[in-house]
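Per TrEMBL, domain 'SOCS box' is recorded for A:372-408. The region 'Disordered' annotation in TrEMBL covers A:72-91. Residues or ranges marked as repeat 'WD' by TrEMBL: A:130-152, A:153-188, A:197-238, A:239-280, A:293-327.
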């Protein structure tokens with residue numbers, strides 16, 4: 001096994017943001033943080049803080065800029081600091097529970113060209129867009145720097161659970177819904193719905209577009225994972241293997257691997273080009289109960305790849321954040337977290353953000369990785385070569401196995 | 001002695017010379033070159049006494065445009081290992097990753 005230059009440390013809690021004042025009970029609001037997201041360039045962090053609100057803060061988070069209405073506990077300070085807010089932070093009131101969040105890649109075409117007709121006050125500079133997936137099926141599109149509501153996309157009949165923009169910056173948005181469909185929206189044409197993808201039999205929990213923009217993955221309650229072509233919007237293949245609802249999916253940064261997480265306590269790693277199952281990561285309890293209770297206690301909630309493609313972070317119902325190295329079968333590190341729902345890596349590495357059922361957001365240290373040159377070459381090659389193209393190369397078998405992630 | 005290294009005879013040579021298949025000579029710090037397990041083995045193999053310590057390696061199968069990238073990686077690795085600074089991306093242009101991978105597989109780095 002290669003030695004990657006990495007630190008073997010447990011994730012340390014860097015900071016935690018807790019809502020300061022409990023909100024009044026209201027039939028349409030609840031306090032869960034269903035989604036957290038960093039903008040692709042790492043300059044903003046967003047989370048659905050519950051109570052129908054999305055909070056946007058500039059990143060990195062500085063102590064004097066703890067968001068208003070929050071209390072923060074950081075590794076450096078012993079006391080909890082009350083937030084007074086940063087001049088740049090934004091609070092987006094979506095009017096109903098927010099389930100999904102997605103940032104567009106930056107920069108987008110100059111906003112005046114796109115939005116001027118309907119929003120003359122939008123500044124004439126490249127804009128960063130945030131899409132929010134709501135309880136009744138609506139999708140609200142916001143401009144991040146001004147906090148302006150740009151568009152309301154209608155079509156879904158039920159909760160919009162997840163959203164994904166194409167990484168190329170083409171402003172094509174994919175949404176996944178409890179109405180069992182995925183929809184493709186073109187924000188260049190004022191949010192025109194260009195396709196409905198049907199086929200799932202139960203709630204669609206998540207969607208993810210491969211970094212090379214060729215494939216869309218969707219996962220649903222009926223245990224199946226679908227792979228769609230982003231060029232023709234047709235179904236490529238179904239991936240079978242999970243024993244329960246599949247709730248989270250993510251592609252590796254070079255599009256060569258797909259990971260899916262399920263209530264069946266497993267994360268499966270797939271080759272998305274061939275549909276082959278490469279490995280399963282079992283989430284077993286550290287201290288199993290004496291009786292047969294809580295069989296499903298290690299249900300997965302979220303899985304995500306690290307930016308250099310060598311680690312995974314998972315959040316499970318057994319109150320643990322786990323870090324996995326791709327080539328190993330057991331986690332390399334654990335951190336205790338209660339009621340975790342979602343996780344995401346900071347795009348330049350070093351930090352993992354998690355969201356919880358009580359509306360808390362936490363930031364953890366992620367392993368600091370200096371990839372081997374061998375892995376860097378693999379990542380560069382797989383960013384434009386499919387598995388079949390690799391297999392057709394005039395190179396030794398061992399090299400093909402390395403390039404297709406059959407060996408590490 | 002060698003004009004491009006400090007202190008011959010008695011002092012450790014801090015630079016080594018890596019020679020590509022097309023005759024380009026890359027002079028790098030010994031410490032950097034040791035990033036490659038293969039180079040490490042080649043430079044400290046048996047039969048090398050202190051005075052005759054090898055300070056150059058010929059790579060008959062690695063062309064200069066690949067070897068230069070390898071040397072850049074050495075610098076990158078030494079600079080960012082064991083630090084706390086954010087590690088930036090190491091760029092690899094789309095024309096070279098396959099050739100680079102072949103060389104890297106041999107060099108083990």
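Glycine residues also receive a Cβ, built from the backbone N, Cα and C atoms like all the rest.
Not measured: the values here are computed from a predicted model.
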Same-chain residues near the repeat 'WD' (A:153-188), Cβ under 8 Å, at least 6 residues beyond its ends: 35, 40, 97, 99-109, 114, 129, 131-141, 194-198, 200-209, 211, 213, 216, 218, 220, 228, 230, 233
Intrachain neighbours beyond the repeat 'WD' (A:130-152), with Cβ under 8 angstroms and 6 or more residues off its ends: 28, 39, 44, 46, 48, 54, 56, 88, 90-92, 94-104, 111, 115, 118-119, 121-123, 158-163, 165, 173, 175, 177, 179, 185, 187, 190-191
For the repeat 'WD' (A:197-238), residues assigned helix / strand / coil by DSSP: 0 helix, 22 strand, 20 coil
Reported mean pLDDT - the repeat 'WD' (A:197-238): 97
Counts by DSSP class (helix H/G/I, strand E/B, coil) across the domain 'SOCS box' (A:372-408): 22 helix, 0 strand, 15 coil
For the repeat 'WD' (A:293-327), residues assigned helix / strand / coil by DSSP: 0 helix, 18 strand, 17 coil
